[in-house]
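S.K.: Below, the features straight out of Swiss-Prot:
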DOMAIN    54-158  domain 'THUMP'
BINDING   176, 177, 201, 202, 256, 278, 287  ATP binding site
(Lines of atoms letter the chains of each structure in order from A and count residues from 1; the text may use other names and numbers.)
(Lines give C-alpha, C1' and ligand atoms only; values in the text may rest on other atoms or scores of the structure.)
Protein backbone atom coordinates (compact mmCIF):
# COMPACT_ATOMS: atom_id res chain seq x y z
CA UNK A 1 0.00 0.00 0.00
CA UNK A 2 1.28 3.44 -0.95
CA UNK A 3 0.14 6.52 0.98
CA UNK A 4 0.72 10.16 0.14
CA UNK A 5 1.05 12.34 3.25
CA UNK A 6 0.59 16.10 3.06
CA UNK A 7 2.38 18.02 5.83
CA UNK A 8 0.71 20.99 7.55
CA UNK A 9 0.67 24.10 5.41
CA UNK A 10 2.75 26.11 7.86
CA UNK A 11 5.65 23.67 7.46
CA UNK A 12 5.93 24.70 3.81
CA UNK A 13 6.33 28.33 4.90
CA UNK A 14 9.49 27.62 6.91
CA UNK A 15 12.98 28.35 5.63
CA UNK A 16 14.49 25.46 3.60
CA UNK A 17 16.63 24.39 6.56
CA UNK A 18 13.75 24.49 9.07
CA UNK A 19 11.44 22.76 6.61
CA UNK A 20 13.89 19.87 6.18
CA UNK A 21 14.17 19.57 9.96
CA UNK A 22 10.39 19.59 10.45
CA UNK A 23 9.78 17.07 7.67
CA UNK A 24 12.57 14.84 9.00
CA UNK A 25 11.00 14.91 12.49
CA UNK A 26 7.57 14.21 11.00
CA UNK A 27 8.96 11.23 9.07
CA UNK A 28 10.55 9.84 12.24
CA UNK A 29 7.30 10.26 14.18
CA UNK A 30 5.39 8.45 11.42
CA UNK A 31 7.89 5.58 11.53
CA UNK A 32 7.42 5.31 15.30
CA UNK A 33 3.64 5.15 14.95
CA UNK A 34 3.38 2.88 11.89
CA UNK A 35 6.15 0.51 13.09
CA UNK A 36 7.16 -0.67 9.59
CA UNK A 37 7.48 0.42 5.99
CA UNK A 38 9.48 2.82 3.87
CA UNK A 39 9.05 6.60 3.95
CA UNK A 40 10.56 9.30 1.76
CA UNK A 41 10.19 13.00 1.00
CA UNK A 42 9.33 14.30 -2.46
CA UNK A 43 8.41 17.81 -3.59
CA UNK A 44 6.57 18.96 -0.49
CA UNK A 45 4.90 15.67 0.47
CA UNK A 46 5.87 12.40 2.12
CA UNK A 47 5.30 8.95 0.66
CA UNK A 48 4.78 5.94 2.90
CA UNK A 49 4.90 2.37 1.61
CA UNK A 50 3.57 -0.33 3.96
CA UNK A 51 2.04 -3.79 3.89
CA UNK A 52 -1.60 -3.81 2.81
CA UNK A 53 -2.68 -5.30 6.15
CA UNK A 54 -1.01 -2.65 8.33
CA UNK A 55 -3.58 -1.77 11.00
CA UNK A 56 -1.73 1.33 12.23
CA UNK A 57 -2.51 3.46 9.16
CA UNK A 58 -5.57 5.03 10.80
CA UNK A 59 -3.25 6.32 13.55
CA UNK A 60 -1.84 8.81 11.03
CA UNK A 61 -4.92 10.92 11.77
CA UNK A 62 -3.40 11.54 15.23
CA UNK A 63 0.11 12.48 14.09
CA UNK A 64 0.68 16.21 14.50
CA UNK A 65 2.23 17.83 11.44
CA UNK A 66 -0.04 15.97 8.99
CA UNK A 67 -2.70 18.01 7.18
CA UNK A 68 -4.14 15.01 5.32
CA UNK A 69 -3.24 11.68 3.75
CA UNK A 70 -4.56 9.38 1.04
CA UNK A 71 -4.01 5.75 0.06
CA UNK A 72 -3.03 5.91 -3.62
CA UNK A 73 -2.44 3.75 -6.68
CA UNK A 74 0.23 4.83 -9.13
CA UNK A 75 1.58 4.25 -12.63
CA UNK A 76 4.65 5.49 -14.41
CA UNK A 77 3.50 7.51 -17.41
CA UNK A 78 6.31 7.33 -19.95
CA UNK A 79 6.53 10.03 -22.63
CA UNK A 80 3.67 11.98 -21.02
CA UNK A 81 1.15 9.46 -22.34
CA UNK A 82 -2.29 10.70 -21.33
CA UNK A 83 -3.90 7.49 -22.60
CA UNK A 84 -2.04 5.51 -19.93
CA UNK A 85 -3.50 7.79 -17.28
CA UNK A 86 -7.03 7.54 -18.71
CA UNK A 87 -6.89 3.73 -18.84
CA UNK A 88 -5.60 3.48 -15.27
CA UNK A 89 -8.26 5.93 -14.09
CA UNK A 90 -10.98 3.70 -15.56
CA UNK A 91 -9.48 0.68 -13.83
CA UNK A 92 -9.27 2.43 -10.45
CA UNK A 93 -12.38 4.62 -10.45
CA UNK A 94 -15.08 2.84 -12.52
CA UNK A 95 -16.57 1.10 -9.47
CA UNK A 96 -16.16 4.21 -7.31
CA UNK A 97 -18.29 6.42 -9.59
CA UNK A 98 -20.77 3.70 -10.55
CA UNK A 99 -24.32 5.05 -10.29
CA UNK A 100 -23.12 8.30 -8.69
CA UNK A 101 -22.69 11.94 -9.65
CA UNK A 102 -18.95 12.59 -9.71
CA UNK A 103 -16.18 15.05 -10.47
CA UNK A 104 -12.51 14.65 -11.40
CA UNK A 105 -9.84 16.80 -9.74
CA UNK A 106 -6.35 16.84 -11.25
CA UNK A 107 -3.09 18.59 -10.43
CA UNK A 108 0.39 18.37 -11.93
CA UNK A 109 3.99 19.01 -10.98
CA UNK A 110 6.54 19.03 -13.79
CA UNK A 111 6.48 19.44 -17.56
CA UNK A 112 3.80 17.62 -19.59
CA UNK A 113 2.27 17.94 -23.05
CA UNK A 114 -1.20 18.23 -21.50
CA UNK A 115 -2.80 20.43 -18.84
CA UNK A 116 -4.61 19.54 -15.61
CA UNK A 117 -7.87 20.54 -17.33
CA UNK A 118 -7.09 18.12 -20.15
CA UNK A 119 -6.74 15.32 -17.58
CA UNK A 120 -10.00 16.25 -15.87
CA UNK A 121 -11.92 16.46 -19.13
CA UNK A 122 -10.55 13.26 -20.71
CA UNK A 123 -10.84 11.15 -17.55
CA UNK A 124 -14.32 12.57 -16.93
CA UNK A 125 -15.38 11.49 -20.43
CA UNK A 126 -13.97 7.99 -19.84
CA UNK A 127 -15.76 7.58 -16.50
CA UNK A 128 -19.05 9.15 -17.55
CA UNK A 129 -20.64 5.92 -18.91
CA UNK A 130 -20.22 4.26 -15.50
CA UNK A 131 -21.80 7.15 -13.57
CA UNK A 132 -25.09 8.94 -13.02
CA UNK A 133 -23.62 12.22 -14.25
CA UNK A 134 -21.07 14.95 -13.56
CA UNK A 135 -21.38 17.89 -11.17
CA UNK A 136 -18.24 19.91 -10.50
CA UNK A 137 -19.85 22.02 -7.77
CA UNK A 138 -21.66 19.41 -5.67
CA UNK A 139 -20.62 15.85 -6.60
CA UNK A 140 -21.50 12.77 -4.59
CA UNK A 141 -17.99 11.48 -5.05
CA UNK A 142 -14.70 13.10 -6.06
CA UNK A 143 -11.80 11.26 -7.67
CA UNK A 144 -8.31 12.68 -7.74
CA UNK A 145 -5.32 12.36 -10.05
CA UNK A 146 -2.01 13.86 -9.03
CA UNK A 147 0.76 13.78 -11.64
CA UNK A 148 4.26 14.33 -10.34
CA UNK A 149 6.74 14.39 -13.22
CA UNK A 150 6.45 10.92 -14.82
CA UNK A 151 4.32 9.26 -12.10
CA UNK A 152 0.54 9.56 -11.79
CA UNK A 153 -1.22 8.90 -8.47
CA UNK A 154 -4.90 7.99 -8.22
CA UNK A 155 -7.03 8.30 -5.07
CA UNK A 156 -10.54 9.04 -3.89
CA UNK A 157 -10.10 9.43 -0.13
CA UNK A 158 -8.58 12.42 1.63
CA UNK A 159 -8.31 11.67 5.35
CA UNK A 160 -7.75 14.68 7.57
CA UNK A 161 -4.82 14.86 9.96
CA UNK A 162 -4.63 17.08 13.08
CA UNK A 163 -2.30 19.63 11.40
CA UNK A 164 -0.01 21.49 13.81
CA UNK A 165 3.72 20.80 14.08
CA UNK A 166 5.54 17.48 14.55
CA UNK A 167 6.01 16.62 18.22
CA UNK A 168 9.64 17.25 19.10
CA UNK A 169 10.47 20.31 16.99
CA UNK A 170 9.72 22.75 19.83
CA UNK A 171 11.58 21.06 22.70
CA UNK A 172 10.18 20.05 26.09
CA UNK A 173 7.66 21.66 28.41
CA UNK A 174 6.76 20.63 31.98
CA UNK A 175 2.98 20.27 32.25
CA UNK A 176 1.18 20.69 35.57
CA UNK A 177 -1.21 17.78 35.12
CA UNK A 178 -4.04 17.52 37.65
CA UNK A 179 -5.98 15.01 35.56
CA UNK A 180 -9.09 17.20 35.42
CA UNK A 181 -10.69 18.23 32.15
CA UNK A 182 -8.34 21.13 31.46
CA UNK A 183 -4.78 19.83 31.88
CA UNK A 184 -5.03 16.97 29.32
CA UNK A 185 -6.37 19.45 26.75
CA UNK A 186 -3.53 21.89 27.49
CA UNK A 187 -1.06 19.00 27.09
CA UNK A 188 -2.61 18.08 23.73
CA UNK A 189 -2.44 21.67 22.51
CA UNK A 190 1.25 21.97 23.39
CA UNK A 191 1.97 18.71 21.56
CA UNK A 192 0.14 20.19 18.58
CA UNK A 193 2.69 23.02 18.61
CA UNK A 194 5.59 20.56 18.57
CA UNK A 195 6.38 20.25 22.29
CA UNK A 196 7.24 17.05 24.13
CA UNK A 197 5.37 17.18 27.46
CA UNK A 198 7.06 16.19 30.71
CA UNK A 199 4.16 15.44 33.05
CA UNK A 200 4.13 16.61 36.68
CA UNK A 201 1.22 15.37 38.79
CA UNK A 202 0.53 16.26 42.43
CA UNK A 203 -1.32 13.21 43.71
CA UNK A 204 -3.97 14.42 46.13
CA UNK A 205 -6.32 11.46 45.76
CA UNK A 206 -4.27 8.31 46.21
CA UNK A 207 -4.68 5.29 43.95
CA UNK A 208 -7.90 6.58 42.32
CA UNK A 209 -6.20 9.80 41.24
CA UNK A 210 -3.18 7.87 39.96
CA UNK A 211 -5.37 5.42 37.98
CA UNK A 212 -7.25 8.11 36.05
CA UNK A 213 -4.11 10.14 35.35
CA UNK A 214 -2.48 7.06 33.82
CA UNK A 215 -5.57 6.36 31.71
CA UNK A 216 -5.62 9.95 30.42
CA UNK A 217 -1.94 9.78 29.56
CA UNK A 218 -2.49 6.50 27.71
CA UNK A 219 -4.95 8.40 25.50
CA UNK A 220 -2.55 11.32 25.02
CA UNK A 221 0.26 8.90 24.17
CA UNK A 222 -1.63 8.09 20.95
CA UNK A 223 -1.20 11.74 19.92
CA UNK A 224 2.50 11.98 20.83
CA UNK A 225 3.94 10.91 17.48
CA UNK A 226 5.55 7.86 19.05
CA UNK A 227 7.32 9.84 21.80
CA UNK A 228 7.16 8.30 25.26
CA UNK A 229 5.60 10.41 28.00
CA UNK A 230 7.49 10.73 31.27
CA UNK A 231 5.32 11.16 34.37
CA UNK A 232 6.51 12.45 37.76
CA UNK A 233 3.99 11.79 40.56
CA UNK A 234 4.50 13.92 43.68
CA UNK A 235 2.93 12.96 47.01
CA UNK A 236 0.60 15.93 47.33
CA UNK A 237 -0.73 15.05 50.77
CA UNK A 238 2.63 15.95 52.33
CA UNK A 239 2.31 19.39 50.75
CA UNK A 240 -1.28 19.77 52.02
CA UNK A 241 -0.13 19.04 55.57
CA UNK A 242 2.36 21.89 55.23
CA UNK A 243 -0.29 24.22 53.81
CA UNK A 244 -2.55 23.64 56.82
CA UNK A 245 -0.25 26.04 58.67
CA UNK A 246 -1.41 29.07 56.65
CA UNK A 247 -4.73 30.89 56.30
CA UNK A 248 -7.41 28.95 54.42
CA UNK A 249 -8.10 31.79 52.02
CA UNK A 250 -4.50 31.67 50.72
CA UNK A 251 -4.12 27.89 50.45
CA UNK A 252 -5.30 27.36 46.87
CA UNK A 253 -2.94 29.98 45.44
CA UNK A 254 -0.13 28.75 47.68
CA UNK A 255 -0.68 25.16 46.48
CA UNK A 256 -0.45 26.33 42.87
CA UNK A 257 2.71 28.25 43.72
CA UNK A 258 4.28 25.13 45.23
CA UNK A 259 3.43 23.28 42.02
CA UNK A 260 5.11 26.00 39.95
CA UNK A 261 8.21 25.87 42.15
CA UNK A 262 8.51 22.08 41.81
CA UNK A 263 7.88 22.41 38.05
CA UNK A 264 10.73 24.91 37.92
CA UNK A 265 13.06 22.31 39.44
CA UNK A 266 11.81 19.68 37.00
CA UNK A 267 12.53 22.03 34.08
CA UNK A 268 16.13 22.20 35.29
CA UNK A 269 16.32 18.42 35.54
CA UNK A 270 14.57 17.55 32.26
CA UNK A 271 16.07 20.35 30.16
CA UNK A 272 12.60 21.76 29.54
CA UNK A 273 12.32 25.44 28.68
CA UNK A 274 8.78 26.22 29.80
CA UNK A 275 5.93 25.32 32.15
CA UNK A 276 2.43 24.60 30.83
CA UNK A 277 -0.83 24.72 32.79
CA UNK A 278 -4.51 24.23 32.00
CA UNK A 279 -5.51 27.53 33.56
CA UNK A 280 -8.24 29.61 31.93
CA UNK A 281 -8.66 33.26 32.87
CA UNK A 282 -11.28 33.81 35.60
CA UNK A 283 -12.59 30.22 35.41
CA UNK A 284 -12.10 29.78 39.18
CA UNK A 285 -10.91 32.02 42.02
CA UNK A 286 -7.26 30.97 41.73
CA UNK A 287 -7.25 31.92 38.04
CA UNK A 288 -8.06 35.63 38.26
CA UNK A 289 -5.45 37.86 36.70
CA UNK A 290 -4.22 38.99 40.12
CA UNK A 291 -3.89 35.46 41.46
CA UNK A 292 -2.14 34.24 38.32
CA UNK A 293 0.34 37.09 38.75
CA UNK A 294 0.97 36.08 42.37
CA UNK A 295 1.20 32.39 41.49
CA UNK A 296 3.91 32.82 38.87
CA UNK A 297 5.83 35.64 40.56
CA UNK A 298 9.58 34.98 40.41
CA UNK A 299 9.34 31.80 38.30
CA UNK A 300 12.27 31.85 35.88
CA UNK A 301 10.69 29.84 33.05
CA UNK A 302 7.96 31.10 30.70
CA UNK A 303 4.50 29.81 31.59
CA UNK A 304 2.21 28.77 28.75
CA UNK A 305 -1.55 28.66 29.25
CA UNK A 306 -2.98 27.44 25.94
CA UNK A 307 -6.54 27.50 27.34
CA UNK A 308 -6.37 31.05 28.71
CA UNK A 309 -9.12 32.39 26.41
CA UNK A 310 -11.31 29.27 26.28
CA UNK A 311 -14.59 28.84 28.13
CA UNK A 312 -15.48 25.54 29.77
CA UNK A 313 -17.74 24.37 26.96
CA UNK A 314 -14.97 24.84 24.41
CA UNK A 315 -12.53 22.93 26.61
CA UNK A 316 -14.99 20.08 27.11
CA UNK A 317 -15.59 19.88 23.35
CA UNK A 318 -11.84 19.50 22.77
CA UNK A 319 -11.52 16.93 25.58
CA UNK A 320 -14.21 14.82 23.90
CA UNK A 321 -12.42 15.06 20.56
CA UNK A 322 -9.09 14.04 22.11
CA UNK A 323 -10.62 11.16 24.07
CA UNK A 324 -9.70 12.20 27.62
CA UNK A 325 -13.09 13.53 28.72
CA UNK A 326 -14.54 10.16 29.75
CA UNK A 327 -11.71 9.75 32.28
CA UNK A 328 -11.44 13.39 33.40
CA UNK A 329 -15.13 13.61 34.28
CA UNK A 330 -14.76 10.76 36.80
CA UNK A 331 -11.99 12.51 38.70
CA UNK A 332 -12.90 14.69 41.74
CA UNK A 333 -11.52 18.25 41.93
CA UNK A 334 -8.65 17.61 44.33
CA UNK A 335 -7.17 21.11 44.02
CA UNK A 336 -10.28 22.68 45.59
CA UNK A 337 -8.78 22.61 49.10
CA UNK A 338 -10.54 25.73 50.39
CA UNK A 339 -14.13 26.93 50.14
CA UNK A 340 -13.08 30.50 50.97
CA UNK A 341 -10.40 31.10 48.37
CA UNK A 342 -9.78 34.77 47.61
CA UNK A 343 -9.99 36.19 44.11
CA UNK A 344 -7.24 38.69 44.91
CA UNK A 345 -4.48 37.32 47.12
CA UNK A 346 -1.81 39.73 48.37
CA UNK A 347 1.64 38.97 47.00
CA UNK A 348 3.39 40.00 50.21
CA UNK A 349 1.21 37.61 52.24
CA UNK A 350 2.00 34.70 49.95
CA UNK A 351 5.74 35.43 49.93
CA UNK A 352 5.68 35.57 53.73
CA UNK A 353 3.77 32.26 53.90
CA UNK A 354 6.27 30.77 51.49
CA UNK A 355 9.18 31.84 53.67
CA UNK A 356 7.55 30.44 56.82
CA UNK A 357 6.66 27.10 55.20
CA UNK A 358 10.24 26.64 53.98
CA UNK A 359 9.37 23.78 51.63
CA UNK A 360 12.31 21.88 50.14
CA UNK A 361 11.18 21.75 46.49
CA UNK A 362 14.19 19.70 45.43
CA UNK A 363 13.32 17.04 47.99
CA UNK A 364 9.66 17.03 46.93
CA UNK A 365 10.78 16.27 43.37
CA UNK A 366 13.39 13.71 44.43
CA UNK A 367 10.71 11.73 46.30
CA UNK A 368 8.39 11.59 43.28
CA UNK A 369 7.43 8.38 41.49
CA UNK A 370 8.63 8.30 37.88
CA UNK A 371 6.70 6.36 35.21
CA UNK A 372 7.37 6.17 31.47
CA UNK A 373 4.31 5.67 29.28
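The backbone N, Cα and C atoms fix where each Cβ goes, and this holds for glycine too.
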S.K.: Would you mind checking how many other C-beta atoms are within 10 angstroms of the C-beta on residue 278 (ATP binding site)?
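M.R.: The Cβ of residue 278 (ATP binding site) has 25 Cβ neighbours within 10 Å.
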S.K.: Within 10 Å of the Cβ of residue 287 (ATP binding site), how many other Cβ atoms can be counted across all chains shown?
M.R.: 23
S.K.: Within the domain 'THUMP' (54-158), how many residues are helix, strand or coil going by DSSP?
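M.R.: Computed counts for the domain 'THUMP' (54-158) are 40 helix, 35 strand, 30 coil.
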